[in-house]
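This structure is in structure tokens; I'll ask about it shortly.
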Amino acid sequence: MKSKYTARPEGKQSGQGLVFDSVTKRFGGKVAVRDVSLKLEAGERVAVIGPSGAGKTTLLRLAAGALQPDVGTVRFDGSSSTGSTATLAYQGETLVDRRTALSNVLTGRLGALSWLRGFIEPLLPQHPEPALERLDAVGLVGRADVPVKSLSAGERQRVAFARALMQDAEVVLADEPTANLDPSSRRNVIDVLDAALDGELLVTVLHEVDLALEHFDRIVGMADGRVRFDTPARAVTDDQLDALFAAGASTPGTDAERTGTEKESDIPVPWYV
């Protein structure tokens, strides 16, 4: 059944794109992203695919401003109509365990720093309907009053995603939003992502190539930190996919996301970006 969720106020004008200009990012001397140039337009649905360690998550964190490039620039391109330009929902995002799912999602409206999380309950909006709609969209409205610490890993991920959607950002970045979900829920989550947006740019890292090809307009294939192809979904070929994943398998020594002295996963990411 289609959710009643409508994520953006009527009349909101979105015109924000994202530009990577010759971007390189290193960790401990290892290159995670190398010489990437992309221009992503407002309203596009972009899936980033590739083998593990290809630089996909690093690319999203550069887009969110959680990481800075060593070479090149990342910038927003277009007119911004809100104070919140980009929101990042990534796998394993930290939630406040002792608070309920609803309380966590409500904090998505705030631009507070993470260290204030334990002190913000008095500031939470008194009308929970928008947060309940987002929980409904991810299939958790029946768990709204359950403390996050009692939720499964997949449920926690969906709560984090619902919270990110509360920010009314113009660029939405989702790192493996279908991870830890059962097969029947994966397509629902992708449908939720699409329905949530109205003119915003969506950039999603996915491991499920079939979902990427079915639900996204544009596919960016990454391996060894490089963009191997950037193609409309309808034009992606089996040969391109075979070469993409073969490239990742043949270059394990360049996997900076896993082998750098400063691992990407060790770098804290602000929950509010």
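Any Cβ shown, glycine's included, is placed from N, Cα and C.
What Swiss-Prot lists as domain 'ABC transporter' is 18-249, and the listing cites sequence analysis. Marked as ATP binding site by Swiss-Prot: Gly50, Pro51, Ser52, Gly53, Ala54, Gly55, Lys56, Thr57.
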Between the binding-site residues Ser52, Thr57, where is the Cβ count within 10 Å the lowest?
Ser52
For Lys56 (ATP binding site), just count the other CB atoms lying within 10 A of its CB, please.
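For Lys56 (ATP binding site), the count of other Cβ atoms within 10 Å is 29.
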How many other Cβ atoms sit within 10 Å of the Cβ of Ala54 (ATP binding site)?
30
So what's the mean pLDDT when you look at the domain 'ABC transporter' (18-249)?
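When the pLDDT values over the domain 'ABC transporter' (18-249) are averaged, the result is 85.
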Determine the minimum-neighbour residue: among Gly53, Gly55, listed as binding-site residues, which Cβ has the fewest other Cβ atoms within 10 angstroms?
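Least crowded of the binding-site residues Gly53, Gly55, by Cβ count within 10 Å, is Gly53.
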